[in-house]
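Novice: First, the structure itself, so that you have it in front of you.
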Amino acid sequence: MTKYALVGDVGGTNARLALCDIASGEISQAKTYSGLDYPSLEAVVRVYLDEHSVSVEDGCIAIACPITGDWVAMTNHTWAFSIAEMKKNLGFSHLEIINDFTAVSMAIPMLKKEHLIQFGGGEPVDGKPIAVYGAGTGLGVAHLVHVDKRWISLPGEGGHVDFAPNSEEEAMILEILRAEIGHVSAERVLSGPGLVNLYRAIVKSDNRLPENLRPKDITERALADSCIDCRRALSLFCVIMGRFGGDLALTMGTFGGVYIAGGIVPRFLEFFKASGFRGGFEDKGRFKDYIHGIPVYLIVHDNPGLLGSGAHLRQTLGHIL
C-alpha cells in the first residue's frame, strides 16, 4: 500500500499543498490555496487533508522566510506559528518546516534533463558543491553539498548581500538607489521590485521622470521593443543575474553547477538566452578560466518547491536520494 506524506510550498500570497509518495518521491494531487482566505497555515492543511480524504503522519512544508527555530513568523504574511504545536495539533509523527530555497536546492538531485535548460559551461562534476538562486518577489539563495550519501542544503539570506557593480552603468544605478533607499542589496535589483528599481534609476540618470510601471509592464515593453528604458533595464537585469551567479560559483567552487529558479526568468526566456547573462557570469577577471566550465541551468519544473520538500522529508526519514 502506498504511503503518502504532506508536502507544501508557501509564499506570501499562495499556499500550494500536495501528496508525496514516500517510496518514490512522486508528487501528486497538488492544489493551490489563497493564503488570504485562511487564518493560519494549519487551517489550510486541514482543509487540504479533508478535501482529499487522506490520512498522513509526516509532512514537510517550505516557507519563504528564514527558519531559525520553533517559532515561524512569515515576513510577507500575517501567519505565525510554533512548529511543535502545529505538529501536535495535526497528529503528525514528523513535521519539517524549511526555507523555500532549501526546498528548491533539495529538488535538484530529483530533477531530470527535461526539467533543465543549460546556459553555457560544460558538464557538472559529481560530488562538487551546487548553488541555486532565483529572483521573484525577492532573491533566494542556497547551496547544496553531498556528504556521506546525504544531500545537505546550506540555506541563508544571500540575496541581501551588497549589490556589487562592475561597470559605469551599474555604478550609476547604485549611486541613485543608495540616495533613495540607503543600503542597496542584490535583491534590490534582482527581483520583481528590483527590475522596477533598475528602470527608475536608468530614467532618473537621464534627468527624466520615470513612469509608475509594474515589473510586468517593464518586461512587456522590453519584449515589444517599445521602450528603450525598459529594454535597458531588462538587459541589465540579465547581466547582473550573471554576475551574481558567478559570485556564488566562486564563493563555493560550485563545479556541480549553478541553478536558477524563481518565476521571473521564464517569462522572458528567449530574451534571456540572447542576453549578456553568461558574459556577466564569466566576467571574473583573473578567474574567468576558473569559472568558464561551470554549467548554469534554468529549472523549468512546475513545482520544484514541492519536489524538494518531498526529497528533504524522505531523506530525513532515512531514504537515500
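Cβ coordinates are placed from backbone N, Cα and C, and glycine is handled just like the others.
Look at Swiss-Prot and you will find Gly8, Asp9, Val10, Gly11, Gly12, Thr13 tagged as ATP binding site, backed by sequence analysis.
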Novice: Would you list, in sequence order, the residues of this chain other than Gly8, Asp9, Val10, Gly11, Gly12, Thr13 that have their CB within 8 A of the centroid of the site's CB atoms, where the site is the one recorded for ATP?
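Specialist: Once Gly8, Asp9, Val10, Gly11, Gly12, Thr13 are set aside, the remaining close residues are Asn14, Ala15, Arg16, Gly35, Ile63, Ala64, His77, Asp100.
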Novice: If H, G and I count as helix, E and B as strand, and all else as coil, what does DSSP give for Asp9 (ATP binding site)?
Specialist: strand
Novice: Return the residue, from the listed binding-site residues Gly11, Gly12, with the maximum count of other C-beta atoms within 10 angstroms of its C-beta.
Specialist: Gly11
Novice: Just to be sure I understand the packing, how many Cβ atoms besides its own are within 10 Å of the Cβ of Thr13 (ATP binding site)?
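Specialist: Looking across every protein chain shown, the total is 13.
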Novice: I'd like the Cβ neighbour count for Gly8 (ATP binding site), meaning other Cβ atoms within 10 Å of its Cβ, all protein chains included.
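Specialist: Step by step: centre on the Cβ of Gly8 (ATP binding site), count other Cβ atoms within 10 Å, giving 24.
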Novice: Below 8 Å Cβ to Cβ and six or more residues apart, same chain only. Which residues does that give for Val10 (ATP binding site)?
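Specialist: Arg16, Gly35, Leu41, Ile61, Ala62, Ile63, Ala64, Met74, Asp100 - these are the non-local Cβ neighbours of Val10 (ATP binding site), listed in sequence order.
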